[in-house]
Structure formats: structure tokens, C-alpha cells
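As given in TrEMBL:
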SIGNAL    1-19  signal peptide
DOMAIN    49-125  domain 'Cadherin'
DOMAIN    126-234  domain 'Cadherin'
DOMAIN    235-342  domain 'Cadherin'
DOMAIN    346-449  domain 'Cadherin'
DOMAIN    450-558  domain 'Cadherin'
DOMAIN    564-671  domain 'Cadherin'
TRANSMEM  672-696  transmembrane segment
REGION    787-820  region 'Disordered'
COMPBIAS  787-807  compositional bias 'Polar residues'
Amino acid sequence: MELIQLTAVFLLFWVGTEAVINLKYGINEEIKPGSVIGNVTRDALKQGFQIAPQPPYLRVISNSEPRWVELSPAGILTTQMKIDRDVVCRQNPKCIISLEVMSNSMEICVIKVEIEDLNDNAPRFPTSHIDIEISENASPGTRFPLEGASDPDSGIFGVQSYSITPNELFGLEIKTRGDGSKIAELVVQKSLDRETQSHYSYEISAEDGGDPPKIGAVQLNIRVIDSNDNNPVFDEPVYTVNVMENSPVNTLVIDLNATDPDEGTNGEVVYSFNSYVTEKTREAFKIDPRTGIITVNGVLDYETTQIYEIDVQAKDLGPNSIPAHCKVTVNVMDTNDNPPVISLLSLNTEMVEVSENAQRGYVIALVRVSDKDSGANGKVKCTLQGNVPFRLQEYESFSTILVDGRLDREQKDTFNLTIQAEDSGIPQLRATKSLVVKVTDENDNPPHFLKPHYQEMVMENNLPGSCLLAVSAEDPDLGMNGTVSYSIVPGEIKHMDVNTYVSINPSGRIYSMRSFDHEYTRTFDFKVLARDNGNPSLSSNATVRIVVLDVNDNTPVMTNPPLVNGTAEVSIPRNAGVGYMVTQVKADDYDEGENGRLTYTISEGDRAFFEIDQVNGEVRSTRMFGENAKSTYEITVVARDHGKPSLSASAYIVVYLSPDLNAQETIGPVNLSLIFIIALGSIAAILFITMIFVAVKCKRDNKEIRTYNCRVAEYSYGNQKKSSKKKKLSKNDIRLVPRDVEETDKMNVVSCSSLTSSLNYFDYHQQSLPLGCRRSESTFLNVENQNSRNAAPNHGYQHSFTGQGHQQPDLIINGMPLPE
């Protein structure tokens, strides 16, 4: 494979926030299909071009020659077919294929691929031989234009020189035409003599500039004819004229004049185009053979051909005439006859798509505006019409349409853009181009519930799997972005998974997973999640409350009186009067409202002897029971709720008349609770008063006893002996006894602290009571009985306590009474 000559010229320039990178590559013509021209992705990245992380890295906006080159998704530029530059670009000095590509980051890369010419063609003459007649009296220096050779190659590989077989009579002079091509003129170098030699044959060779050069040749045949005294002569060898394009046919171009001083036919001049004047020139112009006037013969288009070079010859009608030659250069002048042409360099020239999330400055399309006119006639200004969230950014060779505002497909999904191009000619010409911009959807809207809170009333004892309600969420996005699915948010209801209570299908219908019990669960809440299928997905939730309504599904249960096998036995006095409360029937119903409100009735049995309060269930007697009354009575009490249908429970009650019980006739209901409360209150009040009295008296006694400072001592009284060991006083040793109990004389051991805190008033005989007795030491007291108290003077102790009645009890310490 031939080596690809690759040149990359990088130009990075910024306009605002957009970047345009120009990449230029060069390849030789004739390379085989599939040859790599360049790695556009790599070369663009080197210049900081932002490219998507995965293919396709670049999006091709335009390709001037899609038949010859293509850009792969990976960004590799390759040839599609064998390229023959001479066919594509002919003699143009530059042969360029251009592509415009765009990345997802709004950057544009302009790729120029120049096809470089190879010297693969030799110069070629249009005919195999050239015949020319020259008068024998042609003076040296006389020139005769020769038809040139053509070479499809361009530039230096085109025809560069001509040569003739070396000789002394004729030479060649090379001239360059206005289009850059080279022609040869045959120049007479010496005088000719027809009688000496009338025919000459030479080889004319055309050579290009290749290395090595390629050569084309043609046979030149020269015939020398008899002389004609005078030849026609043009006023100027070269003429230059200007003609406006689109000039009508027969418009005068130039009036040529060639003079011949001869008379008659020898002086009559005839004008014509040289034989090698191209057919294209002959279609555009014509010449009058008699007058030499050149006029317009066809359509002149500046945009097609700007210059015509016409070789004209004039020869008289005499024998052996030597023609005169001149060159007429016709410059076609431009007029503003071409309106601007707007081309959209996008895959779809009628509609482009842009994401609603596209940011400001995002390129949606490339616009190329061209005007074939030149100068001011071809200077075009491009604008975007209307108040739309887009703008036009102009560059040197193209313009871009950019996002210039916020796009929201849910508000407006289509924009009709009008591009207007206007040139600067007189009069001005303008053109417009319409473009439909479709805003594509992005997942930018989460599902939205119609209500943030849902509540549904459900009767208890529902069937599992029954539909409770349906929730609905809307998503304005399209396709999968707007497709909503539903699920239950994980949670617990009474310490159980919410999914054991309810389930939801993808369409939003909520089903029960169990039978609800109002007595166990009256309400429960859970959340429903609505999620779309976009990437990434968006979601929202709503709260659903299920209210379980009560159903009369609980039968009343008898709780009082206690039943055994549905039967209760109660006893009442035989002499019970009218209104005597036999018993109170109570029943519980776990239902609510009317379903749980009970009414009591006596349905069977001795209904004539008893009645029942329908509300509180109290059963009372309605008549007296005499001595001759039977001993047992039977009734059936029914507790019935008010539900629909109504449920009931019954109790079979046997009433016994007992002769051993006496009862006062009670009329009306007695409030036992009130009596109980009054009794408790009375007891509490008595205890409180007693405590206050004891506290006050103890405080007074403490003040009196505090005047003694006890010491440990031993005392004796009468015939008693002091105790051999000391005893501590505990609260179990103290008791109160009535005054009339027989008192005995006995010595007791009492701690000082006990005396100080517990004893109130004592009658005692103290012998030499030591001072400074500490609270932890003991004091012996000799306590007298009731009789010795009255004989206080005989024992020598002071009785200072008065006002003590004989009903007051004595304080007993360790079994011995101490008088108050």
C-alpha cells in the first residue's frame, strides 16, 4: 500500500464558549479503497477537543464527497473508493474534500482533505498531426499559433514546455494563457524558398514537469506556398474587453479590424477563429467573417467562466495568403444575478432534533450560505427570524445554530426556524430556509400523583385479594421516561411487614392480602412509590390510609354473674321485697357503636316475678315472696346488640329463696361505690386526726424529759433485787393494757433514748439519779402499782402528774406497766 502523505494543520480558535478546530489532511490520488487518511479522534483530542466517552465519538454534519471518504464511528477517516483527482477536480490547482463533524460537547471540527496530484498522465495533442501553410515570402519572426497539448494533471504535472525537432528554419516560442495553460507558437527563423523545398515535417513534443517527465508528441507538416505581396495586419496583437454576464445574444463584444493594402480579392480580408479555439468559446461568441465583429452567441455566466481567450486570424482572399493573428481576452463581469443559497449541513435538512436538556451554546445544526456572485454581490449576511430560544453564530465559512434558552418538551416540543440570507448587491437579493427543530424528551419529570394522600374505607372481614382502591400518577415524559410502575414502600404495620397487609400491581391497583379486623386494626398507613422507567429513573410517593370499618361480627359475652355451662345460681331472702336487686347481668361486646350497644331482656322463665333494666342489666323482684312461694325461680336473660343483623347471648339464671337470710326491703338502686368511698374517707380522716394528736403530745413530752441528764444507776425498791443483766427496749416490749389490769412491782431496764422518745408521764421513785446519762446507757426505774401510787408519801417520791383518768392504759415495758 502506498504511503499516505499526511499533514495535519491544527487551528483552534474560540468564539464565546464554542470551539472550532480545523484539521487538514493530504493524500495522494489513486490510493486504494479502505486506506486510512487519519485518526480524527486522536488528532482532535490532542487539541483539547471534547469527545464522547464511547462511540460514536463524532457526528458527521456534512461531507462534500461521501462517495470517496467516510468517517467511522471510532473517528477513523478512510477512503471509500479509488480517487482520480483528474476526474474530480480537473485542472483546479486545489482539490479539497471537506467534512464538518460535531461532538456532543458542542464543539465543531472542520476537516479538509486535499487530494494531491500524481503525474499519472502524459501530455496529449488533440490530433495526430498539425498541418500549416506558410508563404514563401514570410519574413523571419513571423509567428503561427499551434494547437496546444492537454494534460489532465494539474500544476507542475501539467504541460510545462514544447520542443520541435532541431532545425534552422523554424523555432517554437512558449506562451502562457490566462487560465495558466501553455501554448506554442511556430516562429519563422529564416527566409523560405518554395522552389528549394516546399514541404517540411517536424515533431512537436509537449513535456510536463514530472520527475521523470512525461512527453506527448504530434507530427507538424509545413507546406510552403507562393507569396502574396501583402498580408492583413491587425491594429493590435492583443485586445482586452469586458462584457457583463447575462448579456443578451448579439451583444457587441469587439469590432476587429485588419487591413490589407492589396486591391481586389488580394485585399479582401476574412476573419475567423483559429482552429484550436475551444467549442465552449465558440458557443459563447461568434465572429462576422466580413466585418470582424465579435458578438455574444450564448449565455455568459460569471460564476462558470470569468475569462475567455479567443485567437482570431485574418487572411485575404488572394492566393497564398499569409494570415494575421491576434488574441482577444474577454473578461466576463459579475452582476448580482444569484440570490444566496442556504444549505443545512445536517443529516436531515428538513428537521433536526435536540434534547430538552441541551444547555446554552449547544450546536444543533451547521448552516452554509453561499452566493456565486463576487464582491459586494456575494457578501451575505445571515439572520435567524422570530423569537425563538436559538441563535445564529457566524464563522468564516459557515454558521452554527445554537441553543440560546431553556428547552422544555412538555411545554413546546417543536420550533419552526426561518433562516434568512441577504447579499449586499444592488438590488439586494435574499433567500430563506425553513428548519423544523424537534425537542426530544429527557427523563426530567418525576411521576406526579393526582393526590398526595389517599384514604379508603374498608369493611372488616373483607376477602383477601379484594381490590381496595387504585392510585394514579402522571408523568409528562414520553416513552419509557413516562411509563410509570408502582410498588409499596417497605415498612411495618403493627410489627409486621406491610406486604402482608396489602399489595399493588403495576397499574396502581391496591389489593388486600388478609382479612382485616376492626377490633385489632382500625386504621393503618403505608406509602406507595411511583417510579418511571427512565435512565436514571425518577420517583415520588403518596400516603395511603386504610380505615377499617366495624362490622357486627362479635357476639356479646356474658361476664356477670359467672356462668357454668350457661347457668348461674343466685340466692335472695324469702322476705325480699319489691325492687330487691337479685343480680346484675353484664355482657361485653367488642364491636363499636350500635354494633356494641347492648340491651338486656328477660326472654323466658318466671317473668312475672322479675324485671331487668335494659341498659345496666340489673334484675329486680317485682312482687313479694310469701311463705307459700316456691323455693326456686328460673329466668333466661338475653343480651342483644343493635347491629344488623343483631347478635345476642343468653344466661339461664336460677333464683333460690333462702329462709336463713334477712333483708330490709330496698327500694330503688343503691350506689355501692359511693358507700365504699364514704367509708374509706371516714377511716382516712380518723387516722389523720389521730396522727396529729399523737405528734403534738410527743412534742410536748420531749420538752419535759429533756430537762433530765440520765446516768446509769441501779435502784432497788421493796423486796426486789436488781436485775443481773441489762435489757434493751424494743418496740415489741411495749404494749398498752387497760388500767384495771393487775400491776406488779418489777424493775425494768429502759434506755434513755427510749424514755425520751416514747414515755409520756411516769410515776417513779428516783434514788440519787446520776447526771450525764448518755442516750445509749440504761436507767433503772422502779415502777409502782396502782395501790402504791396512792401511798406516795411513804415511798419518798414526787407524783407531779395530774389529770390522768383511770381509763387511760398503762405503758408496759418488758412486761411491766408504767403509769401515765
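Yeah, the Cβs are placed from backbone N, Cα and C, and that goes for glycine too.
Predicted automatically and left uncurated, TrEMBL annotations should be read as such.
Bear in mind that the values here come from a model prediction, so they are computed numbers and not experimental data.
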Most Cβ pairs under 8 Å with the domain 'Cadherin' (49-125), selected from 235-342, 346-449, 450-558, 564-671:
346-449
Average model confidence [pLDDT] within the domain 'Cadherin' (346-449):
86
May I have the DSSP-based helix, strand and coil counts for the residues of the domain 'Cadherin' (49-125)?
4 helix, 29 strand, 44 coil
Using DSSP, what's the helix, strand and coil tally for the domain 'Cadherin' (564-671)?
3 helix, 51 strand, 54 coil
